[in-house]
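Novice: Here it is, the structure, as C-alpha cells.
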Amino acid sequence: MPAPTAVTEVAESPPPELVTPHRPKTVSRRQARLRSTLTLFLMGLPALVLLFVFSYVPMVGVVLAFKDYRPARGVFGSAWAGLENFKFLFSSGDAWHITFNTVFMNALIIAANLLVSLTLALLLNEVRDRSPRLAKVYQSAVFLPFVFSWVVVSYFVLAFLDADHGLVNHALTGVGMQPIDWYSRSGFWPLILTIVAVWKGVGFWVIAYLAAIIAINPEYYEAASMDGAGRWQQMRRITLPMLVPLIIINLLLSVSHIFHADFGLFFQVTRNSTLLYPTTDVIDTYVYRSLTSLGDVGMSAAAGLYQAFVGFVLVVLANWLVRRRDPQKALF
Amino acid sequence: MATDIRPVRRATPARPDWPRLVAHVLLALCAVAFVAPLLLVLSASFSSEHAIDQHGYSFLPHGFTTFAYRYVIGDPTQIIQAYGISIFVTVVGTVASLLVMSMLAYTLARREYVLRAPLAFYVLFAMLFNGGLVPSYIFITQYLHLRNNLMVLILPYLVSPWFVLLLRTYFLSLPVDIMDAARVDGAGELRTFFQIVLPLSTPALATVGLLTALIYWNDWWLGLLYIDKSDLSPVQLLLYHIISNINFAASNSQTDNLASVPVQSVRMAIAVLAIGPIVAAFFFVQRYFVRGITIGGLKD
C-alpha cells in the first residue's frame with residue numbers, strides 16, 4: 001500500500017497556477033462533485049445491472065421452492081404449495097443420501113488436497129534453491145491440469161477406465177486378472193473421484209502454499225541452522241508452524257463450501273452413469289437432473305434452496321471464525 | 001591416461017545429499033503422473049483403430065498414424081463451427097467482462113464516492129448467496145427467452161464478484177497522488193480511468209482477463225443448459241456430445257459395419273484439437289495464473 005499521506009500533501013499545496021480565485025468556489029466544487037458521483041455511478045451501472053439480473057433476480061426466484069410451478073402461469077401466478085416440495089424431498093430419503101454424498105466426498109477431497117499440496121509444496125521448497133529450473137518444471141506439470149475443462153478430463157479418465165480399451169483393464173488382464181466394468185461399480189468412485197479432483201486442483205494449492213513458504217523470513221532458518229538444526233527439523237519447527245494459520249483459514253473456507261459440489265467432477269467424470277449414483281449423486285447433480293429430466297421445478301428448487309441456505313450459514317460462520325483469527329483474511 | 005582419475009574423484013561427492021535426491025525423485029514421479037493422462041490421449045489420437053482394439057489405449061501409439069486427424073479434417077464443418085463459436089464467446093466475453101468489471105471496480109476504489117460502501121456490499125453479497133440453478137434457469141428461459149441465443153453463453157459470466165473485488169484491491173494499491181494530480185489538472189473520472197488507471201493496471205487486467213478467458217473457453221455448463229442447436233455449440237459442448245453419443249452408437253454397432261468408423265481414435269483426436277490451444281497458451285500465461293492465485297487479500 002502506498003502512503004496515504006500523499007493525498008493531504010497534494011491537497012495542501014496546489015500548484016499556484018491552478019487556483020482560480022474568480023470562480024465562485026463552493027458552487028463549482030459541489031457541481032464537480034455531483035458530476036463526478038454521477039459519472040462514477042454510470043460507470044458502475046452496466047456491471048451492477050448484470051449482477052442484478054443474474055444474481056439478485058434468481059435470489060427472488062427461490063420462492064419457486066414454495067410454489068407448484070406451472071410454466072403457463074409464471075413464477076408468481078403459480079399456486080403456493082407451502083412446504084410440500086420440501087416434504088417430498090425429505091420424505092423420499094433422497095435428501096439424506098445426496099447430502100451425505102456431497103459432504104463425504106467434499107471432506108475426502110479437502111483432506112486429500114491438503115495432504116498432497118502441503119507435501120508437494122514442502123518438497124518443492126527443498127529443491128528450489130539448488131535447482132530452480134527443475135522446480136519450475138515440476139510446478140508447471142502439477143499445475144497443468146488446472147487449465148483443462150471437466151469435459152476434457154472425462155476423456156482422460158475414460159482413456160484409463162474404458163471397459164474394453166482402457167489402460168487399467170488392459171493392465172489387469174495383462175497380469176491375468178478380470179477386467180472391471182468401472183462405470184458400473186459405484187464402490188470404487190469415492191477413491192477415483194478424489195484422485196481426479198486432487199490431480200486437477202492440487203496445483204492451485206501447491207502454488208498458494210509455496211508462496212506462503214517463500215514469504216517466511218529467511219532469518220529464522222539462518223538462526224536455526226546456526227543452532228545446528230537440520231533440514232528436517234527446520235521443516236518441522238519453522239515451516240510447518242508458520243503455515244498453520246494459513247492452513248486453518250484455507251480449511252475453514254473449504255469447509256464453508258462443503259455443501260456445494262463441483263458439478264463437472266460429479267457429472268462429467270462419472271459420465272453421468274446411473275449405476276454410480278449410490279456414491280456419486282450429489283446435491284448439484286440431483287438438482288440438475290430433477291430439473292432437466294424430471295421437470296420437477298418445485299422439488300429441485302427446494303433442494304437448491306436447502307443447499308443455498310445451509311451453504312450461506314456455513315460461509316457466514318466460517319468467516320466469523322476466520323475473522324477472529326486474522327481479520328485481514330476474512331471475506332467481510 | 002593419467003587424467004582418468006580426476007573425474008572419478010570429482011564425481012564422488014563428500015556426502016551424497018539423500019534427502020534432496022529423494023525429493024527430486026518424488027517430484028519427478030509426480031510430474032510424470034500429472035502429465036501422463038494428456039500423453040495417453042495424445043498417443044491414442046495417433047493410434048490406428050485396429051491397434052486400440054487390440055492393445056487398448058497406451059502411452060506409445062501402436063502403429064503410428066494420422067488417420068484420425070485426417071478423418072476429422074475430412075469433414076471439418078462441425079468442428080470449425082464450434083471453434084468459431086468458442087472463439088467469439090471467449091473474445092467478446094473477455095473484453096466486455098474486463099470493461100464492465102474494471103469500471104465498477106474503479107468506482108468502488110474511489111474513496112470519495114458516496115455509494116462506495118453500499119455498492120461494495122451489493123457485490124459481496126452476490127458472492128455469498130445465490131438463488132441456485134432452478135430460479136436462474138426459469139428466469140433465463142421463460143422470461144429473458146435466451147435459449148439458443150449466443151448471448152446466453154456470455155452474459156451470465158460477465159460480472160464475477162470475486163474478480164471485481166480483486167480489481168478493486170489492485171486499483172486501491174495504485175499511487176493516489178497520480179490520480180489526484182490528474183483530477184487537479186481537470187481530468188474527469190472517465191479520463192482518469194481510461195488514461196491513467198487502466199494503463200497502470202496491465203498486470204491485474206492481464207491476470208483477470210486470462211482467468212476470464214479460461215472460464216469462457218472451458219465452459220460447457222451454459223451450453224448444456226441453454227443450447228440445443230448443434231450449430232451454436234461451442235467446442236466443449238461438442239466434446240461432451242461426442243463422448244456421450246458416439247459411445248452410444250458404438251455400443252449398439254456390434255452387428256453392423258459402423259465398427260469401421262474409427263470411433264476411439266477420432267474421439268481422442270477431437271479432444272486433442274480442443275485442448276491444443278489451451279496447452280499452447282499455458283506455457284505463455286502460466287505466470288499470470290500464478291499471480292492470480294498468490295494475489296493478496298481483498299481488504300483495503
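Each Cβ is built from the backbone N, Cα and C atoms, and glycine gets one as well.
Pulled the feature table from TrEMBL, pasting it below:
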type     : residues  : note
REGION   : A:1-26    : region 'Disordered'
TRANSMEM : A:38-66   : transmembrane segment
DOMAIN   : A:99-318  : domain 'ABC transmembrane type-1'
TRANSMEM : A:103-125 : transmembrane segment
TRANSMEM : A:137-161 : transmembrane segment
TRANSMEM : A:188-217 : transmembrane segment
TRANSMEM : A:238-259 : transmembrane segment
TRANSMEM : A:303-322 : transmembrane segment
Novice: How about the transmembrane segment (A:188-217) with the transmembrane segment (A:303-322) - do they touch, taking at least 3 C-beta pairs under 8 Å (6 or more apart in sequence) as contact?
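Specialist: Answer no, regions not in contact.
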Novice: May I ask whether the transmembrane segment (A:303-322) has at least three C-beta pairs under 8 Å with the transmembrane segment (A:238-259), counting pairs 6 or more apart in sequence?
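Specialist: Yes, these stretches are in contact.
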Novice: So which of A:38-66, A:103-125, A:137-161 has the most C-beta pairs under 8 Å when paired with the transmembrane segment (A:303-322)?
Specialist: A:38-66
Novice: Which sequence-distant residues neighbour the transmembrane segment (A:137-161)? Criterion: at least 6 residues beyond either end, Cβ under 8 Å.
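Specialist: Distant Cβ neighbours of the transmembrane segment (A:137-161) are 120, 124, 127, 167-169, 182-183, 192, 196, 199-204, 206-207, 210, 262, 264-265, 267-269, 271.
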